[in-house]
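Annotation comment: TrEMBL describes A:20-44, A:64-85, A:127-146, A:152-172, A:184-201, A:234-256 as transmembrane segment. What TrEMBL lists as domain 'ABC transmembrane type-2' is A:27-259.
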Amino acid sequence: MWIAFSATFKRQLITMRRAYPWSFFIGHILDGVYITIFAYLSYHFIFQGQLNTQFVSYTGTSDYLSYVIMGGVFNSFAVSLLMIVSRMLINEMREGTLEALLLTPSSRLGYFLGAAIQGLMRSGIEWLAIICVGLFFGLNLVAAHLALLLPIMIVLCFALFAQALVLGGFMLAFRDTYITQNTLFVIMTLVSGVSFPPQFLPDWIQGLSLIMPLYYGLELMRSVMTHAAPSSDILYHLLSLSTLGILYFAIGLLFMKRMEKSVLEKHFG
Amino acid sequence: MMKMLTICQAEMRKSHRHNFNNRLIYFSMFLWPIIQFINAYYAFKPFNLGQNSPLSRFVPVNKLGLFLITGCIAYIFFWSLVQSAWMMGYERQQGTLELILLTPASRTLIMFSRAAANLIEAVWMFSIFAILTIFFMGGLHIAHWWLLPFAVMVLLLSAVVWGGFLNTIFLFSRDAGFLYTLFEAPMEFFSGVRMPIMAFPIWAKVIAFVFPLTFVLTILRAIVMDGKTLGSICIPLIELAIILIALTAASFILVRYAEKHAKETGNLTFF
């Protein structure tokens, strides 16, 4: 597993330096920045800081700007990580290297982990850039729970990595990246509490937030990065996120294996 | 005119064969715009939307749904053309751009026909949804019935001119994805699709007036929401006409320059 991991990591690093489509990189940063500016203009220029009382009761804070900017920051991070991992195999297929990859006895998990860890470097830069812009537009960070930040980040990355495996399986099944990934992203942005608490949505749509790692990730990150006192639900959300991650991981590995077989049969005859 | 219709028909057949071999296309044509509309609507929920809401300085709170759906429908018209222009990059990669330019058809006509053909294919589904939603929500206030088809014609014409211009710009591009990123989100954001531009600070208003969509939305909303007559919207109509003429002239010049540049560098089939 280690050899596949380090080889993929190195290859992805070279690709990033030499041939990465930087439009993705700038696009992810801009997506987060636009959510931030939209929230800032809406809050100050249209609504003059007047919030709905339900917003405060659902979120436990009256700091709307921090709520939405955190949403924009982690939405971009999630989209970026999901895209990096899920598009790996279909890109190999498009570039004509999938057959060679499938013929090697290398560990598939090591391959995906190598791509994910290298991808985290890029997503991390995007994440930092959006946070820096957010600080100018009213993001208030607290440094009271830094010790909690690392374990939460690790669990969130694992859950997103696992979700990306399932997404990648769908991409191979549909032979498509653009529509498959963006359909997930528009639904994820709607139900995960990016720019408003999901409790505002009708119950039947709200239920979808429970299968989105981003929803739990946002609840946890807001709790430790922007609230002075962490929410009592922190353990519940952390457990839910871990369980969801393990579930996606199991489904993703099985689905991916099945799709690889199907691609071999259909694509390479 | 007949030439344009022939090119338009050919482009429509091409785009239909290219895009509709995969049923997933219905997700991007129908599901995404609906979800984006719902998202835009609920993004206002955290704010005070009561009777004393500050929003009512710009839009009556009970007409927020109508405000957003008119914004969404006009945006979809323009967005589908940014997307079709983005596909111009694939013509280059697949080697078909050179073949298109070898035909005796007028280059500028190809650019505008391509935009018109893709537009009708891309927007009909969401348009039906939007019309049904508008009738369901109510709140339409139109001075004369004929202003409605007039507004649709203004929207169609502006979208085609904008699309033709973008197709021309994308002729130069080697990384079309980057231009797509630069054009798509700011257009949605600054044109007043989801927010009244009157509420913007000066710097944002300046950016807003770069996009023809801003003027189209002002005219569309004045007709369907405020019941304005043709006489009272003549100023934004003239402003829009000037922008459209400028864009058409720029397309004519740029398409010739792009072809000349491509002939010199021989990069028509290279990415």
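Each position is counted from 1, following the chain as shown.
From the backbone N, Cα and C atoms, a Cβ is placed for every residue, glycine too.
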Worksheet item: For the transmembrane segment (A:152-172), which partner among A:20-44, A:64-85, A:184-201, A:234-256 gives the most CB pairs under 8 Å?
Response: A:234-256
Practice prompt. Take the transmembrane segment (A:234-256) and find every residue of the same chain, 6 or more past its ends, with a Cβ under 8 Å from one of its Cβ atoms.
Written response: 89, 108-109, 148, 151-152, 155-156, 158-159, 161-166, 168-169, 172, 210-211, 213, 216-217, 219-220, 223-224
Worksheet, complete the sentence: Long-range CB partners for the transmembrane segment (A:184-201) (under 8 A, at least six residues beyond its ends), listed in sequence order, are 35, 38-39, 54-55, 58-59, 68, 71-72, 74-75, 78-79, 82, 167, 208-209, 212, 214-215, 218-219
